[in-house]
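Handing you this structure, nothing more for now.
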Amino acid sequence: LLSQFDPDNTGYISTEKFRSLLQRHGSELDPHKLEVLLALADSNSEGRICYQDFVNLMSNKRSNSFRQAILQGNRRLCSKALLEETGLSLSQRLIRHVAYETLPREIDRKWYYDSYSCCPPPWFMITITIVEASSVAFFLYNGVVLDRFVLQVSHPLYLKNALLYHPQLRAQAWRYLTYIFMHAGIEHLGLNVVLQLLVGVPLEMVHGAARISFVYVAGVVAGSLAVSVADMRAPVVGSSGGVYALVSAHLANIVMNWSGMKCQFKLLRMAVALICMSFEFGRAVWLRFHPSAYPPCPHPSFMAHLGGVMVGITLGVIILRNYEQRLQDQTLWWIFLSIYVIFVLFAIFWNIFAYSLLDLKLPPPP
């Protein structure tokens, strides 16, 4: 192909040759992908197309400048919106619904609609949710053994499990991650599971498991490290760090692209999401300062929620705003990633030295 349309090896294809290529092979392409290619040809005023841009487009690796060219050309084409298409199957309507729920640009929605194949499925969020939901059995078991179905989390026997984070066991590094599989109660678990499914699964369907799992895990780690720095005497349980990272990134993305987001009842749904998050966060704050039934064992901290939010409105927003874009081309990505790494390193050194230097009176080890 390169030798046929670029015999002089200049790295460019003339717009005229490019259009003839599309006319000849357009029937072999998805209709919306063909539309993007036409937008690319229509956006170029120099009469030539960069061959590498064409290759990147076909391999789903689009640069930011390339996206701007596509958007400019697409505005000139003024084609029919994806929402206006009829005769779609149930699965096609579901994919279209997910596109409108998560993507603010019509050209990106069309690209996603044509490219999504449900292979692989959103396995990360589903797997995490299933494993977390299995803790219901553990909760019921503890209810029988401890003769307590409410506020089990401060009971010394509950604290003995090997998953939750406890300040006396902070040297056991896995606890900074595995605490997400333990929860303070059924209502805590239920709200986190619902938010993961309603927000996390559609985001993973669009942005892929690698990016969404990165935001989720980064929120989880930031949450436990925030507790170890700002609430040093408290344990922590629950997946709120990861959940709040995803939800806050999604809500911030909607606000920043308000006119482009075409999801139905977006104002009402944002209000409901914020109310649910505020209720859950308020419950966590109340629980933290509620007198413990088993002093000196305190209730779990709420700082993990705030750590997750900070990850969501920084790293999470950059990822959600750059669908199918190379993150390494985004300056803000490197800035926020550097800040995150610095915070992680600071928290590690804080955990190594600060506890002994401050001479804190920690709760007894479980």
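Glycine is treated like the rest: Cβ placed from N, Cα and C.
Below are the features listed in TrEMBL for this protein:
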DOMAIN    1-28  domain 'EF-hand'
TRANSMEM  123-141  transmembrane segment
TRANSMEM  176-201  transmembrane segment
TRANSMEM  213-230  transmembrane segment
ACT_SITE  S240  active site, nucleophile
TRANSMEM  267-289  transmembrane segment
TRANSMEM  301-320  transmembrane segment
ACT_SITE  H305  active site
TRANSMEM  332-358  transmembrane segment
Suppose we draw a 10 Å sphere around the Cβ of the residue listed as 'active site, nucleophile'. How many other Cβ atoms does it contain, all chains included?
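Other Cβ atoms found within 10 Å: 32.
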Going along the chain, which residues at least six beyond the ends of the transmembrane segment (176-201) come within the CB cut-off of under 8 Å?
122, 125-126, 128-129, 131-133, 135-136, 138-139, 150-153, 161-165, 212, 216-217, 220-221, 224-225, 228, 236-243, 246-247, 250, 273, 276-277, 280, 283-284, 287, 299-300
Any idea what the Cα distance is from S240 (active site, nucleophile) over to H305 (active site), rounded to a whole Å?
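Per the Cα atoms, S240 (active site, nucleophile) and H305 (active site) stand 6 Å apart.
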For H305 (active site), just count the other CB atoms lying within 10 A of its CB, please.
26
